[in-house]
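S.K.: Sharing a structure with you now.
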Ligand SMILES: Nc1ncnc2c1ncn2[C@@H]1O[C@H](COP(=O)(O)OP(=O)(O)O)[C@@H](O)[C@H]1O
Ligand SMILES: [Mg+2]
């Protein structure tokens, strides 16, 4: 059997031709996508939303983690003092507590100070004016040292503090943080699950889009096979199309996430201010953006790969 | 160049389309394949281009036993066989130039080489001035000549044509056959299916006649 001849060219020349063909395929695929703007926009938008949903959830839980992480360090017991305790007694008590080794820091918020802070929040001036007396108690914020901050130790500390004659009631900030963290862990699992489901959705969307494209171009594909196109040659533009869809979808997703974060920033700042803090929402960041875009490209490639494998058997004699 | 050895082709739903076909076509020969509609002409050509495989028997093209050719090699085989169809099979959304360039692109030729060869092929069929046109802007005869330019652009040693003049009036048909004669003149092997008997009979070439899937008459060869 005689070998089938290939066009004679040096290896380096063949490599250049091969590269040029890839470039042409990629450009041709992109031009084709832009040639049908409406369907392309729809597909890209669906991919973008599918990727943006888990990414947004991820960013959300990530931000909450940062927030609670910050509170974690300041896990404290707020000890509300009895109404009749005057400020001298309160100061003396604070001083006594500061001497205790398990407490790293003790902060006294006196009644007048509490009232002033409360007024600053706004909206309550009328209500407070109506009262003759300052209704707010003095509060001691007890910050345990890092070696005395396990939940058990905190509870023990709370019991001791409550036993003080000046104490009215205490509130521990740890319980809700623990709950929040359990919820966060749940949310993270849910994000993963949702991400996997929507990723599957993206595969199906790209796969179906490429399938339709293959059906649309049946005639062209047959002619290419007729003149001796290899299976790889015929597949290439479709694989590039899938990668382009993924890339555009990924970029669309990062845009959506950034847009949501920017929109939410205002409300978050206001909320943080209410808690006497300041909080800047973190967006996707460079790593996150890259991850979303790379995920998009990978899903697009795999989706088109599946479609191409199922619907393009390549040149074949029946 | 082509050798058929007791070839059968059976379609499950239709029975034998070709029965026990044996012939040889020498390199550089030009032959016509005639027969009534449904006689098996297209089927025979499709076996040579490896668009189908025989149910039984052996087909050898240019020394390659097609039955032993791995699937991977099918595209490479097709590059050695120029195929021309009655309905031209052109891409309607591409220019004449791009249509003719297709085999070269598929084979990985560089830009400049493609331009050179496509223009040479278009010049050959007299369509050099229409390279920017789309196929729909051309007449039937011109479209067929674009199809021919595409078939010869990679200079395959073998050309197959399936009723290339089926839609053309006698004058245009004659022009097409003259074109084929010119290719034969430069050493290309041609096998042309046609039922344009009046035209074929006047030319000094081998005529093979199929009837109901059998080779009933062969004016040359064995
Ligand atoms: N793909 C196919 N499936 C089933 N039957 C076919 C197929 N192609 C051709 N045939 C049958 O084989 C016979 C020969 O067809 P064909 O080679 O097209 O004849 P011709 O080209 O001489 O008109 C016909 O009876 C036709 O119906
Ligand atoms: Mg036919």
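For all residues, glycine too, the Cβ spot is worked out from N, Cα and C.
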S.K.: From the ranges A:23-41, A:42-60, A:61-79, grab the one TrEMBL calls transmembrane segment.
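M.R.: Comparing A:23-41, A:42-60, A:61-79 with TrEMBL, transmembrane segment matches A:42-60.
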S.K.: In TrEMBL, which of the ranges A:157-181, A:182-206 has the transmembrane segment annotation?
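M.R.: Result: A:182-206 is the stretch TrEMBL calls transmembrane segment.
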S.K.: If we skip the immediate neighbours and take only residues 6+ beyond the ends of the transmembrane segment (A:284-308), which ones have a Cβ under 8 Å from one of its Cβ atoms?
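M.R.: Distal contacts: 47, 51, 55, 58-59, 199, 202-208, 210-211, 214, 235, 238-239, 241-251, 253-254, 257-258, 261.
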S.K.: So which residues does the transmembrane segment (A:42-60) touch in its own chain, when a touch means Cβ under 8 Å and the partner is 6 or more beyond its ends?
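M.R.: Sequence-remote neighbours of the transmembrane segment (A:42-60) are 187-188, 190-192, 194-195, 198-199, 201-202, 205-206, 209, 245-246, 248-257, 260-261, 281-284, 288, 292, 295-296, 299-300.
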S.K.: Roughly where does the domain 'FtsX extracellular' (A:76-160) sit in mean pLDDT, to the nearest integer?
M.R.: 81
S.K.: On the DSSP side of things, how many residues of the domain 'FtsX extracellular' (A:76-160) fall into helix, strand and coil, could you say?
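M.R.: Across the domain 'FtsX extracellular' (A:76-160), the residues distribute as 40 helix, 18 strand, 27 coil.
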